[in-house]
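Colleague: Per TrEMBL, ATP binding site is recorded for GLY103, THR104, ASN105, GLY106, LYS107, THR108, THR109. What TrEMBL records for 101-291 is domain 'Mur ligase central'. The domain 'Mur ligase C-terminal' annotation in TrEMBL covers 315-430.
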Amino acid sequence: MFKIINMDIHALYKLYQENPVISTDTRTIPEGSIFFALRGEKFNANTFAAQALATGASYVVVDEANYVVDDRCILVDDVLSTLQQLANFHRQQLTIPVIGVTGTNGKTTTKELLYAVLSQKFKTYATKGNLNNHIGVPLTLLAIQDDVEVAIIEMGANHLGEIGFLCSIAEPTCGLITNVGKAHLEGFGSFEGVKKTKGELYDFLKRTDGLLFLQGDNEHLTEMEKQRGINHVVRYGFSSANDIIGKLETANPLLTISWRTHKEGEAALSIVKTNLTGSYNTENILAAVAVGLHFGLTKEEVNVGLESYTPTNNRSQITKTANNVVIADYYNANASSMAAALDNIAVIEASKKAIILGDMFEMGEESFVEHQKVIAKAQSIGVDRLIFVGKAFYEQREVADEFYQTTEEAIEAILRNPVSGCTILLKASRGMAFEKLMEVL
Ligand code: ATP
Ligand code: MG
């Protein structure tokens, strides 16, 4: 792979054990940390090495010799690979279950739900925020301290091979793919590319005899499992063949779910009132039930965990504004999460509804068709007001309704003709900056 020029991995690991805080952000360097001077597109953190030492870092890891100022500088071939190698070395010292979570949509929500449930019984560590890539996964692993009993690692990908690589670093003992859908098609090439990449988690679990939690009613995921024949599988879903069987009872707009185990049957039904909206979250919740029960939690512990989770991150968050109830889901958007969000607003009980959708980014060649499908689906719901925002939607403005090229134009239009008394779905890719719309709703 690469070699550490003036220190081997064991020696570096010893330094990490003595200074178990890693920093990569030049703006906040904790006292006594090891600063890894990563290189981004715009800047080269090697140039901050001396400053990092001056402001509190115990050591810096650099990959350019001319930034070595004293023997607190560790010179390596490649800082990023060293960070990944150190993270994997640390991972190998841990003898705890490591749960890998990937998928097109719902990774963070599922991770948070898993955390809420497992923390009822165990000292649990989960990925902070959305630190799910080739840098975030190593940082997550290196933040796991000795007293942690279970770790949950979110793994994201936008190109082929990425999940396999993250698995090789995190070495999950079990895991799940939330779902596979059309997102980041520019990086994956096609939906097949998405399945192949996410499936690298299944490849890893197969190879290491790990345990898979499987949404047993998702035809893509079940097919992907079948192709590999994974030995240990716990199934969750809606049909009676699953090990954990759940049902969405009500969504008005918060979800009430019922669930039971296949073994126990109908008589042992649990009812859980959650603080989540979005019917698509039902399967995320059932994943957390499956994981919780597998790790020996009681039903009560599982349910208390589920009830304790309130999203705060603009993922399926409900906000009462001056004039409306807003389902704020503008953290991201792709073809499958748009469809799921539309299914959800369709079933929500409300006297008046509005839908405001912004462009889905990174859709590549399928962008036109996928935006077209979203328009058709949104129109089929029959809401009181339907607004589309962004260049991709605007290209198809001849199909009636309201279309605006930019979020600013949509704001002006809403100021002229306010939306009020509605339950509103607000969904777009992050780059559309839909949080600005909140002020006029
Ligand atoms: P990212 O790729 O940004 O890390 P993520 O996979 O972590 O995203 P979340 O942040 O949990 O996903 O959720 C993002 C959005 O995906 C939600 O607000 C919702 O619209 C949609 N979503 C969540 N769960 C599902 C699901 N099971 N099926 C379809 N869509 C879902
Ligand atoms: Mg996420």
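Note: Cβ is positioned from N, Cα and C throughout, glycine not excepted.
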Colleague: Excluding GLY103, THR104, ASN105, GLY106, LYS107, THR108, THR109, please set out which residues of the same chain place their CB within 8 Å of the center of the CB atoms of the ATP site, keeping sequence order.
Modeller: VAL101, THR110, THR178, ASN179, ASN284
Colleague: Take the domain 'Mur ligase C-terminal' (315-430) and average the pLDDT across it for me.
Modeller: 92
Colleague: So how many other Cβ atoms are close to THR104 (ATP binding site), meaning within 10 Å of its Cβ?
Modeller: 25
Colleague: Do you know which of the binding-site residues THR104, GLY106, LYS107 end up with C-beta under 6 Å from ligand 2?
Modeller: LYS107
Colleague: Tell me which residues of the chain lie with their Cβ under 8 angstroms from that of GLY106 (ATP binding site), as long as they are six or more apart in sequence?
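Modeller: Residues satisfying the criterion: THR178, ASN179, TYR280, ASN281, GLU283, ASN284.
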Colleague: What three-state class does DSSP give THR109 (ATP binding site)?
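Modeller: Going by the DSSP assignment, THR109 (ATP binding site) falls within a helical segment, counted as helix.
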Colleague: Measure the Cβ-based neighbour count of THR108 (ATP binding site), defined as the other Cβ atoms within 10 Å of its Cβ.
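Modeller: Other Cβ atoms found within 10 Å: 23.
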